[in-house]
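Let me begin by presenting the structure, written as structure tokens, before commenting on it.
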Amino acid sequence: MKAKLLVLLCAFTATDADTICIGYHANNSTDTVDTVLEKNVTVTHSVNLLEDSHNGKLCRLKGIAPLQLGNCSIAGWILGNPECESLFSKKSWSYIAETPNSENGTCYPGYFADYEELREQLSSVSSFERFEIFPKESSWPNHTVTKGVTAACSHKGKSSFYRNLLWLTEKNGSYPNLSKSYVNNKEKEVLVLWGVHHPSNIGDQRAIYHTENAYVSVVSSHYNRRFTPEIAKRPKVRGQEGRINYYWTLLEPEDTIIFEANGNLIAPWYAFALSRGFGSGIITSNASMDECDAKCQTPQGAINSSLPFQNVHPVTIGECPKYVRSTKLRMVTGLRNIPSIQSR
């Protein structure tokens, strides 16, 4: 009987009490998030996960400066366009920065074979050793190495040519068959570049090479091609009706590359022993270089952020937040900002 009376008293006390609010405190937050089912849901607390700002500059990455090509393209830099001479002393970099419309590329018109693949290969290179693969003064005693210049590659108002290639021409009225080889003893991949000249008429062919039926052969363990010059009149480009087609290969350590020709060879002068590095890359950007250091570089500018996501640019180099297309990305750390009231 006493137990029943106690229950009744408790029930009476509860119904006579004030209204009880069950839940959490609302606040003045205007944070909104999108959920799977709803958009613009107001919540009490949330944190931003998305970085949307940059400094608009090219910066060093972890203290290492980039290779800024300026008015030179990848082609102009690696072939040795004389207008890119200031870049030849650069041996290491954190990344390569190229402008969208570089003026100095292939100064003598022609086709650059597998150019995009070469860019891809160079994007993983963080340093190289530029060295004479075939020294100019001693490698070609039966050919002229000083007359192969052109107004298309002029430098300081004078006809010139690529600094990494040699245009071999006749000597004393003849162009003897040549055969030259190089063994890669660098213990690294070596990038070798060369060209094949295609004159615009048979008169130029005879005058420069003293042969009408020329060929160029290039052979290594992984490369084997024979080139035949195509003599034809073409529209003038940079004042030239002739063309030079450019080629390259990667030579593995201890491998041998052999060049044979009886004319029309644009011979390698300098080659590059490559060192690949994690985190290197190539970006195309109009941003200017600044005295700054960053962990993440984009074509728009550098990002210094600890946030996990960014929407600045999909192309990044370094330790970067993951790119997303979203304009807003927040993580909810609270609840809906709507009070819930129940009466008992």
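Positions of Cβ are set from backbone N, Cα and C atoms, glycine also.
Swiss-Prot lists 1-17 with the feature signal peptide.
The N-linked glycosylation site annotation in Swiss-Prot covers Asn27 (among others) and is backed by sequence analysis.
Annotated N-linked glycosylation site per Swiss-Prot: Asn28 (among others), in sequence order.
Here Swiss-Prot flags Asn40 (among others) as N-linked glycosylation site, drawing on sequence analysis.
The secondary structure of Cys59 (disulfide bond), as reduced to three states from DSSP, is extended strand. Neighbour list (Cys59 (disulfide bond), Cβ cut-off 8 Å, at least 6 residues apart, same chain): Met289, Asp290, Cys292, Asp293, Ala294, Gln297, Ala302. The disulfide bond annotation in Swiss-Prot covers Cys59-Cys292 (among others) and rests on similarity to another entry.
The local packing around Asn71 (N-linked glycosylation site), expressed as other Cβ atoms within 10 Å of its Cβ over all shown chains, amounts to 14. What Swiss-Prot records for Asn71 (among others) is N-linked glycosylation site, and it gives sequence analysis as the kind of evidence.
Other Cβ atoms within 10 Å of the Cβ of Cys72 (disulfide bond), summed over all protein chains shown, number 23. Taken residue by residue with DSSP, Cys72 (disulfide bond) is part of a strand. The disulfide bond annotation in Swiss-Prot covers Cys72-Cys84 (among others) and is backed by similarity to another entry.
In the three-state DSSP reading, Asn104 (N-linked glycosylation site) counts as strand. The N-linked glycosylation site feature in Swiss-Prot is assigned to Asn104 (among others).
Sequence annotations record features per position, and here Swiss-Prot assigns disulfide bond to Cys107-Cys153 (among others) based on similarity to another entry. Shown in sequence order, Gly76, Asn81, Pro82, Glu83, Thr150, Ala152, Cys153, Tyr162, Arg238 are the residues of the chain, 6+ apart in sequence, with a C-beta less than 8 angstroms from the C-beta of Cys107 (disulfide bond).
Per Swiss-Prot, N-linked glycosylation site is recorded for Asn142 (among others), and the stated evidence type is sequence analysis. Other C-beta atoms found within 10 angstroms of the C-beta of Asn142 (N-linked glycosylation site) number 13, with every protein chain shown included.
Sequence annotations record features per position, and here Swiss-Prot assigns N-linked glycosylation site to Asn172 (among others). Spatially close to Asn172 (N-linked glycosylation site) yet at least six residues away along the chain is no residue at all, judged by Cβ distances under 8 angstroms.
What Swiss-Prot lists as N-linked glycosylation site is Asn286 (among others), and the listing cites sequence analysis. The DSSP secondary structure for Asn286 (N-linked glycosylation site) is coil. The C-beta environment of Asn286 (N-linked glycosylation site), restricted to residues of the same chain at least 6 apart in sequence and closer than 8 Å, consists of Thr99, Pro100.
Under the DSSP three-state reduction, Cys296 (disulfide bond) is assigned to strand. According to Swiss-Prot, the disulfide bond annotation covers Cys296-Cys320 (among others).
Sequence-distant neighbours of Asn304 (N-linked glycosylation site) (same chain, six or more apart, CB under 8 Å from its CB) are Asn55, Ala294, Lys295, Cys296, listed in sequence order. DSSP assigns Asn304 (N-linked glycosylation site) to coil in the three-state reduction, outside any helix or strand. As annotated by Swiss-Prot, N-linked glycosylation site applies to Asn304 (among others).
In terms of C-alpha distance, the listed recorded positions Asn71, Cys72, Cys84, Asn104, Cys320 place Cys84 closest to Asn142 (N-linked glycosylation site).
Relative to Cys84 (disulfide bond), the recorded positions with Cα atoms inside 10 Å are Asn71, Asn104, the candidates having been Asn71, Asn104, Cys320. DSSP gives Cys84 (disulfide bond) a helix state.
Each residue contributes its Cα atom, and for Asn104 (N-linked glycosylation site) and Cys72 (disulfide bond) those atoms are 5 Å apart. Listed in sequence order, Lys295, Cys296, Thr298, Ile303, Gln310 are the same-chain residues six or more apart from Cys320 (disulfide bond) with CB atoms under 8 A from its CB.
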